[in-house]
């Protein structure tokens, strides 16, 4: 395919246009009370998306000018990386990247050496990152969670309370999932054991009529992706379980009517204590779910791919749990012992999830990556043995989906804050690093210019927050920097200047550090771009047309 090549100044100028367009769209979302951005849904007939999340805005923008779109793509990448690694700071990273790229562009226009310029920027960023870590405050868990969550959710204090409950229940690195709820208010469900959304196959399994639950004690667990066709295949196993004084929970791909009738007849008569449910997972994902469950309960998954047969299963193959509670909609296993094998699988899944999050846009199918990551996260929740489900409430679907994004960001921000500490929020956290840059000596004028670019970038988030509040950004920066208190800043909620640290308005130090590092990295890519190579799209309606192929398929390739 033919190529178009765009060189040097022209390439950088058009890329800079794309950076400016995307940044101007995302910048209103910076701050606790910033306005929202309305995005047309890509599917006709569906309501628009209202968001106050920078990465959502960034991902929605694709420009017609393909060179300008490459510039916008740089900011989409930095926002996506921030969202994956820190959960918050996506708009902050966009603001920093835009400022650094803009100042680089000006410096190159007056003849600055790009290598020395980048060296100065890299040295300054490394020094600021080190200083952020040194200044970070690691306070009590409750205060940090409530403060960081309030900032990340744009001022919703109730979210912080529920996140605190969730993390108290499952731990900082425990399994917390954020899901759309069915009510106006947010709800938190903490689940002990292993749970999946498949209930009993017949109401005749119910043992508690008042609550419509089937409850089993001292449970043996049969896990299989095979279909149970004949009740006779289960009889030896049921007899062995009964002799051992236990009950049997059958989690299978499907239980045929003939086998189900035999189970129900003996269960109702009290001959055996047994309940049949559909196994967790779907399709080709089910074997992995069953292997997880087997590792957790100390049993063995009976899998078709391994050539396993139901009539050869013994008591030693079954998993063990203290109690099973089965409703019409879901199955919960309680009192799971856990094993070394389950802990090893859990660590492996966490590593795999991090690898998926680290993938950049364009690496594989975006939809495929999302589905794989969701499946891995669901398996992590199951293997954790205890999980918290945060159900997001709202009046409309649009509101719930917009809040869900912010609450997911808040959760990841809280975890980041507990890992590396916090600094005053509202853009003030960066200002404390200005003195260390003043002490940084440059080797030449262009390196000094690079250090100066980072120094001026540190004030940019605060300036934008001031402008988003209807004030003069420069005046806000000047007033904050003139104050002796390093925690002094502008509180958008109250519309006043105050000690942000004392008021509990914080940003996670990890978020600030990553935002600056990622912004400088992507701006460095822009700085060192000397040429852009593009494919020239073929607009010929008959491109790739083959008469033989058309005749064989009787299809018009232009349709």
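In case you wondered, yes, glycine gets a Cβ from its N, Cα and C as well.
For 88, 89, 90, 91, 92, 426, 507, the entry in Swiss-Prot reads ATP binding site. Residue density at residue 88 (ATP binding site): 34 other Cβ atoms are found within 10 A of its Cβ, drawing on all protein chains shown.
Across the annotated binding residues for ATP (88, 89, 90, 91, 92, 426, 507), the two most widely spaced Cα atoms sit 14 Å apart. The local packing around residue 92 (ATP binding site), expressed as other Cβ atoms within 10 Å of its Cβ over all shown chains, amounts to 30. Annotation for the binding-site residues 90, 91: lowest Cβ count within 10 Å of the residue's own Cβ, 91. The Cβ of residue 426 (ATP binding site) lies under 8 Å from the Cβ of 31, 32, 462, 465, 489, 490, 491, 492, 500, 505, 507, each of these being in the same chain and 6 or more residues away along the sequence.
In the three-state DSSP classification, residue 90 (ATP binding site) falls within a helix. Reduced to three states, the DSSP call for residue 507 (ATP binding site) is strand.
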